[in-house]
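J.: So TrEMBL lists these for the protein:
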type	residues	note
DOMAIN	B:59-577	domain 'Cytochrome oxidase subunit I profile'
REGION	B:679-701	region 'Disordered'
TRANSMEM	B:31-58	transmembrane segment
TRANSMEM	B:79-101	transmembrane segment
TRANSMEM	B:121-144	transmembrane segment
TRANSMEM	B:164-187	transmembrane segment
TRANSMEM	B:243-273	transmembrane segment
TRANSMEM	B:360-379	transmembrane segment
TRANSMEM	B:400-420	transmembrane segment
TRANSMEM	B:432-458	transmembrane segment
TRANSMEM	B:470-492	transmembrane segment
TRANSMEM	B:512-536	transmembrane segment
TRANSMEM	B:603-622	transmembrane segment
TRANSMEM	B:628-649	transmembrane segment
Amino acid sequence: MSRRTLNEQEARECKTEQRNYLWGFGLALVLTLIPFGLVAFIDIERMTLWITIGGCALAQVIVHLRFFMHITLAKNKREDLLLILFTVLILVIMCGGTLWILFDLYQRMLPGMMP
Amino acid sequence: MSDATSLIFGRLGWDALPFWSMLHDHSPMTVINGVIATGAAGMVVLGALAAIVLVTWLGKWKYLWSEWLTSPDHKKIGIMFIVIALVMLSRAIIEAVLMRVQQTFGLDGGFLTAEHFGELFTTHGTIMIFFMAMPFLTGIINYVMPLQIGARDLSFPVMNQVSLGLTAAGAALVMISLVLAPFSTGGWTGYPPFTELAYNPGAGVDYWLWAVTLSTLSSTLTGINFAVTIFKKRAPGMKLFRMPLFTWTALCTAILMIFGMPPLTVATGLLALDRYLDFHMFTTDLGGNMMNYVNLLWAFGHPEVYILILPPFGIFSEIFATFSGKRIYGYRILVIATMCIAVLSFTVWLHHFFTMGQSAHINAAFGIATMLIGIPTGVKVYDWMLTMYRGRIRLSVPMVYAIGFIMLFVLGGMTGIILATPSVDYQVHNSLFLIAHFHNMLIPGLLFGMLSATNFWFPKATGFRLEERWGYRAAFCWIIGFMLTFFPLYVLGLMGMPRRSVAYFEPQYLPWMITAGIGAMVILCALLCLLMQLWVSIRDRHANNVFAGDPWDGRTLEWAVSAPPPEYNFPVLPEIYSIDAFMTEKDRGQGWQAPDHYVDIEMPANSTMGVIIGITGLAMAFGLVWYMWWLVIGAGLVTLVAVIARGFVRSTTRTIPAHEVQRSHEHWLEQVRRTNPIDRSLEQTTANHGRPVPPIEGAVQ
Amino acid sequence: MSSTDTHALEGNSRHPGLNLGAAHAQEEDTREEMVFGFWVFMMSDLILFGLLFATYVTMLGGTAGGPGPQALFELKSAFIQTMILLVSSFTFGMASLALKYREDRVRLVVWLLVTLALGLAFLFFELKDFHSMFDKGGVPSRSGYLSAFFSLVPLHGLHVTAACIWLVALLGQMAVHGLDAPVKTGILRLAILWHFLDIVWIGIFSLVYLGGLS
């Protein structure tokens, strides 16, 4: 079997998409190496470290969504961006609520469970 | 026990039989409880045998297999869901009556052991939530929603079969627990540490755990199926804001299922890990934390409450509009209120455990969030009342349920606002006041909604109306029985009687308990009236035939097809121009039309996936309960192979040729033409064959 | 990247993940429903993982005198797993593009096999990790903290296992039926699962491993 002959536009699209995946991979790689490098080699204040790790993770999630899952802010008829935002809302409510409730309970009744 | 038997039967032994302890211990208490348990087990066994004998005697196995069990048709799956719900409803009502009788005689004792009473309230709650309410509303949505949006089926018909199979497996597991006892005594919420292995080593909690897990999986799949169907399969022109309100509530319920079920999966999953693999998530030792279970359970539990109540809201919206002969008042506001309730329902779960010990400001935050839900709900109540205002109200059976609902539900809502105040909750939590409150929401809300929907859509599904006289009797028995049973519980709760008590020692409780006991008898009458209604309706089915399909002068698309509808629902997918699509057609004189030309229709082909997954699911759960590991592994492998093999199947559809569609559609149109149109005042008589007179001027709005 | 191309690509997209475009138009409606439905399932799954993450954080203090993260985790092994999964995400992306733009199946199959090998390698290293944790006394029955760890991380591993089985099944389908519409839809959905699992892993390596070791 032979390669499908792509017309000019398809060929251009193919190039663009390949470049997109490479970009995504590169960015994700950088955003992975930074936190691992910090933990492995550099001794900085804990809070700064945690914020950096969290920030890199968040950025990498967005990179994955954008370049691998093709979720964009572009206007179209799809419901998936809306769905992600709703899911994030529910996640924030449920996880945030869980942490709020349980750590308050620990503080009042189980100080031993505070990390 | 020898090694070989324990390899095969795990920990299942003779003592699992309900009469076993009675044979060894002849004390009156053991004998009474043994007889009751054996009677219940006997009913399960005899019921199953009777069903098998009946089908064999009628020679209907092949019909049952090819037309029902393997059918991907959303209408048939919906009906099967409702059948499961009705069977389980009967069992759970009998259990409820038994509990009421026990408490009527419960001053200083009664006749049930605490253990037996614990099993009763656990199965009653578990069944009513997971195997009555969920299948009932899933069945109704399954049947009605695709018809309302002008679709031929759900997006994933085979997944729909799997959902049915999983629910059936869960229900079967609860039924089996009557024969091979015991069931859990931990309540439908199953709080650890009581349900941990250290305190509850028997099979009871495991029955509960796996039955609930099967139901949860089923509901998650169902939620996905409904949501995708509503988003992707609407008929041309059916914009979101032209959807009937019932479909709107179905959408919000589906979204709640998708996002509300995972917390329960996590809670029960972790509890299972504790019980089976010696984890320490919720144990009392080694860093376990049972408070997180309570938190997770209710993070599911509160969305669940709205999964249960939103579909009835949609059903009542349809019923108020139809039987008031008016367009629903405030359509847009009702939709927005539904969405508000759906989102708010995720923000209030802590009000189920105000007293667990967290700070007052957290209680206050969740208390306020809870009270906020009262606002959109209140808006809905006003919209329904304004729909009835100046309408031409017909007090049909669904309407009686609806009016009973609106009055009782508001009362229940008021007590909910009371309970949402943390300081009050500290006084009445865990008392019968709470029991009265949530039954006050769930019986007039959910159950009346389901029964009202059954009376409303039954003629659509079967082609004949339900008989009205027994219908009224059932409805009034329900309303009166509910009030007699549960209003005394408010008083008892305020007097301080805790929930789930097998006995009490306060003579002042007695009169209220007797009243509640009488109420339970009235509810039992209601159940009998429902059975009577079904029997009489089937007997008179020819007189009450409504093949033309529109017995109530309906407003939405499901009334635009024959009763029962053809497998493909619509010969040609309809074009939608407004809300209340069918009423608009009738108003313009464009109802019951033949399309210009017919085309072949592709429908999903029959599949055995639902049956296979149902059976393997049941086998796995049963094996897990009794530690029969060979059964768990075997059934798991069969599931895996079945799912993979399904991926290789390519002939998943079958085609209904255009001429067949044309023939059956034209046959129906011919019948419609021959049917005598009747006025709405005659709709409860045998003159009603499913075709109303054209609407009078102005009645459409 | 040129903005017009990107725009053209996004304008035509009908479902999350890579869209196959006009050259694969057959059964596009079914594909749209299938992929969207799978996406909804992923969102439900995400809530499940989110709650397990929250539970893990609340159990950090529940070590009950047993070994904690510092004693149990190895940064090197976590890094290797992270890299494998990230590369496998990229190779699955390449497989998706081969599906979209190539008619010859060889390249697609090769990329899928590379992805499968990476998935299996990930599982190998993860199991090795668990094994060494067990050796150090890090068993789930030791403490609430370890129970929380073993309910979160192996669940991700189970998902990867399921994805690998699905990948093999899809290769089997391709061998029997060729590259027909259901196989294409299957690959698109599996791609979403694969990328989704990588996203969950970002949470795991950041919160569990890096958070625990810092």
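In case you wondered, yes, glycine gets a Cβ from its N, Cα and C as well.
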J.: The transmembrane segment (B:432-458): which same-chain residues, six or more beyond its ends, come within Cβ distance under 8 Å?
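T.: For the transmembrane segment (B:432-458), the nonlocal Cβ contacts are 82, 85, 128, 133, 136-137, 140, 143-144, 305, 308-309, 311-313, 315-316, 318-319, 322, 396-398, 401-402, 404-405, 408-409, 411-413, 415-416, 419, 465-466, 471, 474-475, 478-479, 482, 485-487, 489-490, 492-494, 497-499, 530, 537, 552, 558.
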J.: Do at least three C-beta pairs under 8 angstroms join the transmembrane segment (B:79-101) to the transmembrane segment (B:512-536), pairs 6 or more apart in sequence?
T.: yes
J.: Which listed range (B:31-58, B:243-273, B:470-492, B:603-622) shows the maximal number of Cβ pairs under 8 Å with respect to the transmembrane segment (B:164-187)?
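T.: If we count Cβ pairs closer than 8 Å to the transmembrane segment (B:164-187), B:603-622 scores highest.
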J.: Below 8 angstroms Cβ to Cβ, which residues of this chain, lying six or more residues outside the transmembrane segment (B:31-58), approach it?
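T.: Long-range Cβ neighbours of the transmembrane segment (B:31-58): 17-19, 21-22, 64, 98, 111-113, 116, 175-176, 178-179, 181.
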J.: In the same chain, which residue numbers or ranges, 6 or more beyond the ends of the transmembrane segment (B:470-492), come under 8 angstroms Cβ to Cβ?
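T.: Apart from its flanks, the transmembrane segment (B:470-492) reaches 100, 397, 400-401, 404, 408, 415, 431-433, 435-437, 439-440, 443-444, 447-448, 451, 455, 509, 512-513, 515-516, 518-526, 529-530, 532-533, 536.
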J.: Just to confirm my parser: what is the rounded mean pLDDT across the domain 'Cytochrome oxidase subunit I profile' (B:59-577)?
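T.: Mean per-residue confidence for the domain 'Cytochrome oxidase subunit I profile' (B:59-577): 95 out of 100.
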